[in-house]
Structures are given as C-alpha cells and as structure tokens.
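Asker: So TrEMBL lists the following for this protein:
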- B:7-347: domain 'FAD/NAD(P)-binding' (DOMAIN)
- B:Cys43-B:Cys48: disulfide bond (DISULFID)
- B:Lys52, B:Thr147, B:Gly148, B:Ser149, B:Asp332, B:Met338, B:Leu339, B:Ala340, B:His341: FAD binding site (BINDING)
- B:Gly183, B:Gly184, B:Gly185, B:Tyr186, B:Ile187, B:Gly188, B:Leu189, B:Glu190, B:Glu206, B:Gly282: NAD(+) binding site (BINDING)
- B:366-475: domain 'Pyridine nucleotide-disulphide oxidoreductase dimerisation' (DOMAIN)
- B:His464: active site, proton acceptor (ACT_SITE)
Amino acid sequence: MGEHVIKLPDVGEGVAEAELVEWHVKVGDLVREDAVLAAVMTDKATVEIPSPVDGEILWLGAEIGDTVAIGSPIVRLKVAGEGNVKDALQEVEEGATPSPERQRSTPTPSPSPQGGGGRATASKVGAKPTLSSSVDSKGIEGVGAAATESPSPLRGGVRGGGTAPTSRVAAPGGAPRPEGEKPLASPAIRLRAREAGIDLRQVAGSGPAGRIGHEDIDAFLARGPQVARTSGLARNDAIEDIKVIGLRRKIAEKMALAKSRIPHITYVEEIDVTALEDLRAALNKEKRPAGAERPKLTLLPFLMRAMVRAIADQPQLNALFDDEAGIIHQHGGVHIGIAAQTPSGLVVPVVRHAEARDIWDCAAELNRLAEAAKSGTATRDELSGSTITITSLGAMGGVATTPVINHPEVAIVGVNKMMVRPVWDGTQFMPRKMMNLSSSFDHRVIDGWDAAVFVQRIKTLLETPALIFMD
Amino acid sequence: MKEISCKLLVIGAGPGGYVCAIRAGQLGIDTVIVEAGRPGGTCLNVGCIPSKALIHAAEEFEKVAHMASGKSPLGISAAPPSLDLAKTVVWKDGIVSRLTNGIAGLLKKAKVKTVQGWATFRDGKTVEVETETGTQVIRAETVVIATGSAPVELPFLPFGGPVISSTEALALGAVPKRLAVVGGGYIGLELGIAFAKLGAAVTVVEALPRVLAQYDAELTRPVVKRLAELGIEVMTGAKAKGLASEGQAGKGQAGKGDALLVETADGKNARVAADKILVTVGRKPLTEGFGLEQIDLDMAGKDGAGKDGAGKFIRIDDQCRTSMRGVFAIGDVTGEPMLAHRAMAQGEMVAEIVAGHKRSWDKRSIPAICFTDPELVTAGLSPEEAKALGGEIKIGQFPFAANGRAMTKLGEEGFVRVVARADNHLVLGIQAVGQGVSELSAAFGLALEMGARLEDIAGTIHAHPTQGEGFQEAALKALGHALHV
C-alpha cells in the first residue's frame, strides 16, 4: 500500500502552465490505469491527463479554472505496492500547490481506511480500517461491480473503474430529461398533475431514476405561476453566474489583447465571384481521376491560393509583429489560420505552408483540420503558428464585418456572404454573384495604401480565377 | 316511439362500454347504453370468462386423469374420470349469467338507461335502435363507439358445420374426438390445450414458424414443451387450405369423417382428420352493420398508425377521440391490443373526459396474459423492444425450478424475467411463464406503473413461499446478487 503522486506532465512545447478545465474523477473514486483523470488546456489545445496506475483518488490539487504549473502535483492516489512517494506528507507539503487555499481535502498520510467503498468519501474516514481492504486490481474490480449495482441518479453511468459518472439529472434551468423520454411518475402523481394542468414533461423528478414525486409537484407549483404558465409575458429576475474558463477565457484574453494593442484598419471591397463560382462548379463536377481522393472545393481554397499570390508581392502582410521587441517577423511560409466555430467556441486551425499546396491539397487539409477542430481532436500544433488568418461565417457572413486580427499577426481576411446582385455593366444590369471581403490590418505596420493594394490584388485574382493558376 | 335525448350514448356494453357507462353514471352524466346481446360483450359471454371456466374444468379433469393413470407423484390414485361437457357448459353459463346480470344491475345502480337492440348511426349525434318494440331514436351530445370485435373468418374455411369459432367452441355439447385448431395464437392454444386435456386429439396448424409468435421463443418454450406432453400435434409453417373429406382421401372410413386440408412447411398437402375445426386466426374490429359509413371517421392500421382511411380500426387520439367531434371510440374497435382491461381503462377515461375532467392515456403498460399451460404473462417491454430503445439494458431471469412454492405445486417449468435500463435500473418490462403466473400480472403492472427500479422490487419483502418470490429474485439477479440461484 503506497501513495502515487501525479504531477502535471509537460503537455506541449514550451508550455509552462496549463489551465485545469475538467475533473473526470473526484476524491474517493477508484481509477484504472489509463483512465482519464482531468483535462487541462494549454494555449489552444485541450489535453487529457491519464492515470498511469490503478488506485483510489485521495486528493485533487486544483479546482476547475485554476492555472497549474507543469510539474505541480495534481492528484494523489492510493495504490497497491510501494507507490512513488516515500513520505507522502512531506512531498505534498513541499510540492508547489497551485492554489493551496482551494485545496479541497487535507492529505491523509496514513493508509486510508476507505479502501472498500467504491463511493467512499472523506466523511467516511472514521470507518474501521482493515488490512483486507487494500486495493489491488482485483479489489477494484469487485468494488467497481458493487458500485454499478447501486447507482444513484447522480451517478447515472458508472463505468468499470468507477470513473466519470455521467449525470442524468439536468442542471437547473435545463430540460428535466432527455428529449423523447417519458416522465416517470406513479398514476396518482400523473392524475394530480393532470388535474392541476401541469405538463409532467416540464417537471424535474428528484426520486430514484428521476421519478417525479408529490414534493416535485409541490416545488413546481411553488415556483409560481410564471413557470407553470405557458403563455404570456413574465419577468425573469434570474442571474446566472458563468465562470469564464477554458477556451472561453483564452478567447477573451486574446481578443482583448488584439483590440487593445492593435489599431485596426478595416477595408471592405466587393468581389464579383461569378467566374470563380463557374470554375468551382466545373471542377467539382469534373470526374475525379481514378484512385485520387479529391475533396469537394469550397471558395476558401481559392482564396487561400489568391492570398499566397498576393503575399508574394507584399510579403509584409504575412508577418508577426512583436511590438514589445519592436521586430516584425516576416515569414516566407504562408501559414493560414482558418477561424472555425466549434461547440465550445472559436478555434483557429492552421493550414501550414499554403504556398506549397495546390488547390486540392489546400481543400483536403482544410477539411481535415475543420473536422479535427469540430471533434476536439486537433492538436496544439494544428491550432497555432498561423501567420495570417481567414475568417468566414459562410452563409451567416453578412454584408460586412470588422474582423479582429489574430494577434500578433498583422492581417486578417474576412469573407462575407455571397449573393446575386444587379451589376451595371455599362449598358444594362446583370445578375452577378457578388461577395464582400472585409479585411483588417495592423495600421501600425501596414499603411492603408498597402492594405488596399493587397485586397485589390486578391480581387483581381478571384474575379479572373485563371490568374490564380498562371505562372 | 318517443325520441330519447341524453348527454352520453354508449354503443356496445362490452367491458369498455359498460365500464364507460357505469363511470359516467357515477359522475352524474345522463347516459344511455345500447346493446344488442347480453351485457358483457365478448369478454363475459364468449371470451375471457367462459374460456377460463372451460380451461379450469379441463385442468381439473386432466389432474384426475393423471392420478388415475397411476403416475401422480403425490401418491393419489383415483378412478378414471368421466366428463359430461354439457353439464360443464351449464355451469359455465351459470357463471356468465351471474356476471352479466351483475353488470345489468351495476348499470341500473349507476342510473344508466339500457336500450336493448341494434344501433345504427343516422349521423354523428343520432342513432336508431331496432328494439323488440320498434325503432328507438336516440340523440346524444357525445357518442362512444364500443362495438368490439369478432373472430376473423377464413374465406376458404367459412364458419359453419364442422368449422367453428371460439364462440362455438365454448358451447360444444361434447368433446370432439379430433380437433384441428387453425391459428396458434393465444386463443387457439388456450382452447386447444383445454380440449386436449378433456381428451380430444388436437392438431394446431400455424402458418408462422412457431406458435405464440408475438412472444420470444424463450418465453414460449415451456408452453411448446407442454403441448408435446399433452400429445398436441403442432404443425408450424403450415397453411390451412380448406375442408377435405377423409372419405375422398380413401382411407376406408365411412366417407363421413371430415378433415382439414393443409399445405405443410415443405409444400406438400396433408390431411388433418378432424371432427371440429376451430379457426382462431385473430379478431377483427366490428365496424360494419351499424352505419359507421354515415359518419365517415378516419380509420387506422393495426397499430393505430395506418394512413387515413387505410386501416380497419377507428383512429383515436390519446383521449380516445375519433376524427369527429363528440364521437369517441374505445376497445377492440380501436385496434391492438384487443384486451378487455385496455377497453375498461379507456372507457373509464372517456367517461371522466365527458364529465369535464382532464384525462389522457398515460398508461405505461397493458399486461397481457395467455391462459395456456403453463400460463404466460407480459407487461411492458420485451428484451428486444427494450434493446431497440438504444440504451444498455439488464435482464434478470429466475427459474421456478429454484422456487419452493412452484415445486410443491408440481409447477417447476418457467421463469420470471425482468428487463431494466442498465444506467438507472428503471424496470422496463416483466415477463413470466409458469403455472398460475397470471396472478403475478398485478405485481408486474404495479411495478411498471409506479416506475419501480430493480432495487424497489429487490427491496420489497415477497411472502414466502410463493411464486411471487421469483419476481424479487429476478430483480436481484439483474442486480447481480440473486440469492437462490
């Protein structure tokens, strides 16, 4: 019987600290080797911290939202055998605890007496200690099984090792149960609800398996008529405090930095993309060469290639401005960040070396990165290192936007919505597919003239798309 | 004859109709019920009750016959029994008549006016009833159609002569020597088993690959085994084709014997010698002969989901309302499951809706029972249906072979099976097969309706020694700690 301390591993190049965004375990949980303990977020990627050993969680060293230094102990486990801690107490006291004031439970130096209970909590410390309660892998299995036998609604999906309970009880304010699931209530409750005009689907059940009881109906009624009433206007005095953590915090910091440091100049120009759209349609319609996996082309790969061309003329647009050092790092490689919306917020996967990719390659890489970003599997490398950025809201693109530069870059190209507009061709109005580009530049290092030249160059390339491919 | 005006008119006094009328009467609604036959409908007159009487008589007879054979392990011997089926039928009719009279009394007590005769719709609010004393016109604010169902007739085996429906089977004067049962559903098997116990040579002809096909094979296995023990021949995958004469078959009999022509599973024609041919291939809703076409209601398919006009059942919503305002329909005429207790619950609900209460159909389960030997009960979802919901499930099954009470009743065949959600242990379905398990249906239904979890059943003391302990043990089994297996 020993203790094993898990320190926050080095989760990426040059990262000194990471933000803890999720605990998958709590004190008292039994975990197996490789079970996910926590998720931490570095610059832009989220990294899961697995357990290297089987054991029981004794102590968690940070709270969600805390920033933890690499190498700090974050979890202490009770394990079979020696463990990796000679003097557990000393180690923990010496260890750089990131937020000692938030430490949730005091370390228990002696072998914990809670070994036998899959759901043991700190309150059980007084329980009778027995040697046989030592947790070896077999013990974990047994306890794990026992835990699944008595689930509470709060521990809906207890998995083998007693990790990561998935709550079935919705958070306050959310739907009381998954869509399509019938409310669970005895016939007497159903009758009472019906007579009171209550739709049980709206009532959360506090009983086992989410069963709705009389007290739930009482609570529902006590919340007042504005809740039960289905029509009419009602005051809503609720204030929900949402902690800005994880990706949201990163985005907030980054946006504040960009807007406070960079004097933006935004330039909007309209582009006639009729010819480009014809070309795109033709290419997408063209029979794919046998064996070659050709992705469907969107507008973005063309824009990327056009930007590569324009940057060849104006390399100062493809740069990172270190304003503290007073140095502009002008890059040869065009690494185009693509701002992408994901369920948890904005991320910017990067298509590296767009100058060395043809249109198909750009499209394929774009698809791959978009998929990875959406599913959250994009690596930190894939989400950083851009030198210029494209932002596109697709059909939601609107007429014009004022894009915020992806600091410390100096330019960002925003794609607005494409729509058919009447265009005067000298003799008559013609229906043309028109699209605006809204681009922002760091006015400290890019003059308005250069910005205009850059956008006009892209306009020329996109309006006569053959130019994109001419050498 | 003077017209009658009322608030509620119920057409049909079966279990759905009479319950609806009684409840409406209790609620002070001015109610008239029309019935051409005796009150009680199929259930009391030619269904549930008389068949159970016959089944009970058959069980008793078979027990004594078993004792007389000297094979009874109980050490009881008896003289071979003899049966006067006509007397049995008189006894059965006595029960039926007590019950139907009871219903007539209950209707009267609830101040429901009963009109005897055949009702025909004139429009959605008016019916004409052909009574013994003339045509009675009844106008009602609300009409409930509870006309029930009738046995399905096969075009190549029309009822008459040796071909009988369940109705005639329950009123036979003597046990047929050889009985062919066309249709191995629960009605065919219940009656087939009963007649086999009374001494008939029974052959069951089922078109599907197995009998009681709507239940899973595991659940029906004890019944299939018992069919074999009782000497009942079961032909599965076989289609009845029509009547044949044994005489024509040239088997040397006097040319008078009848037989059933059957196409067997391998496509060959076979003749099943039979004195009576009982056709039990399902029941159809009674939607004809009472002017339903006058009011042109939307119809639905078997599961109530058919396209408008496509089905033969009256389409209803969750309050049993039809497509016409003020016209409700309940019971068999509205589709499967065609069960008396479903109709009763619908009838009660409709009466309360008519009285202005807020009600709608929110039942979690309609238990179904086959009074075969052994009996079979299902409530809620089968394992397959539960799996189809997508989530993980747990199944606990407890055999009666490990149940003391079952052993003392010579009823070790069968089991109780509980199906629950794996994540929160909510019980989704309960099935049982075994001697006398029909009485467990109450516990099953209650557990489902109350939203019981496995722990609730496992944590309830079940009296010892009873077969009900099997229910508790099945729940314990699903939880992984059954005590007696």
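Glycine too: its Cβ is placed from the backbone N, Cα and C atoms.
Because TrEMBL annotations are produced automatically, they should be read as predictions rather than curated entries.
Each of these features: where is it, how hidden is it, and who are its neighbours?
Answerer: B:Cys48 (disulfide bond) carries a helical DSSP state (H, G or I). For B:Cys48 (disulfide bond), the same-chain residues that are 6 or more apart in sequence and have a Cβ closer than 8 Å to its Cβ are B:Thr42, B:Ala340.
DSSP assigns B:Leu339 (FAD binding site) to coil in the three-state reduction, outside any helix or strand. For B:Leu339 (FAD binding site), the same-chain residues lying six or more positions away in sequence with a CB closer than 8 A to its CB are B:Ile366, B:Ala368.
A simple way to gauge crowding: the CB of B:Leu189 (NAD(+) binding site) has 30 other CB atoms within 10 angstroms, across all the protein chains here.
A mean pLDDT of 96 is what the model gives for the domain 'Pyridine nucleotide-disulphide oxidoreductase dimerisation' (B:366-475).
B:His464 (active site, proton acceptor) is surrounded by 11 other CB atoms, counting those within 10 A of its CB over all protein chains shown.
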Asker: Of B:Lys52, B:His341, the binding-site residues given in the record, which has the fewest other CB atoms within 10 A of its CB?
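Answerer: The binding-site residues B:Lys52, B:His341 were compared, and B:Lys52 has the fewest Cβ atoms within 10 Å.
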Asker: Tell me the Cα distance separating B:Lys52 (FAD binding site) from B:Ile187 (NAD(+) binding site), rounded to the nearest angstrom.
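Answerer: Answer for this pair: 11 Å between alpha carbons.
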Asker: Using DSSP, what's the helix, strand and coil tally for the domain 'Pyridine nucleotide-disulphide oxidoreductase dimerisation' (B:366-475)?
Answerer: 39 helix, 34 strand, 37 coil
Asker: Taking the Cβ of B:Gly183 (NAD(+) binding site) as the centre, how many other Cβ atoms fall within a 10 Å radius?
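Answerer: I count 25 other Cβ atoms within 10 Å of it.
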Asker: Have a look at the recorded positions B:Cys43, B:Gly183, B:Gly185, B:Leu189, B:His464 and say which one has the shortest Cα distance to B:Asp332 (FAD binding site).
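Answerer: Closest recorded candidate to B:Asp332 (FAD binding site) by Cα: B:Cys43.
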Asker: Could you measure between B:His464 (active site, proton acceptor) and B:Lys52 (FAD binding site) for me? Cα positions, answer in whole angstrom.
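Answerer: Taking the Cα atoms only, B:His464 (active site, proton acceptor) lies 27 Å from B:Lys52 (FAD binding site).
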Asker: B:His341 (FAD binding site): which of the recorded positions B:Cys43, B:Gly183, B:Gly185, B:Leu189, B:Glu206 is the nearest Cα neighbour?
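Answerer: Its closest listed neighbour, by Cα, is B:Cys43.
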Asker: Using DSSP and collapsing to three states, where does B:Ile187 (NAD(+) binding site) fall: helix, strand or coil?
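Answerer: DSSP assigns B:Ile187 (NAD(+) binding site) to helix.
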Asker: Can you name every residue in this chain, apart from B:Gly183, B:Gly184, B:Gly185, B:Tyr186, B:Ile187, B:Gly188, B:Leu189, B:Glu190, B:Glu206, B:Gly282, with its Cβ inside 8 Å of the center of the Cβ atoms of the recorded NAD(+) site?
Answerer: B:Val181, B:Gly192, B:Val204, B:Val211, B:Leu212, B:Thr280, B:Val281
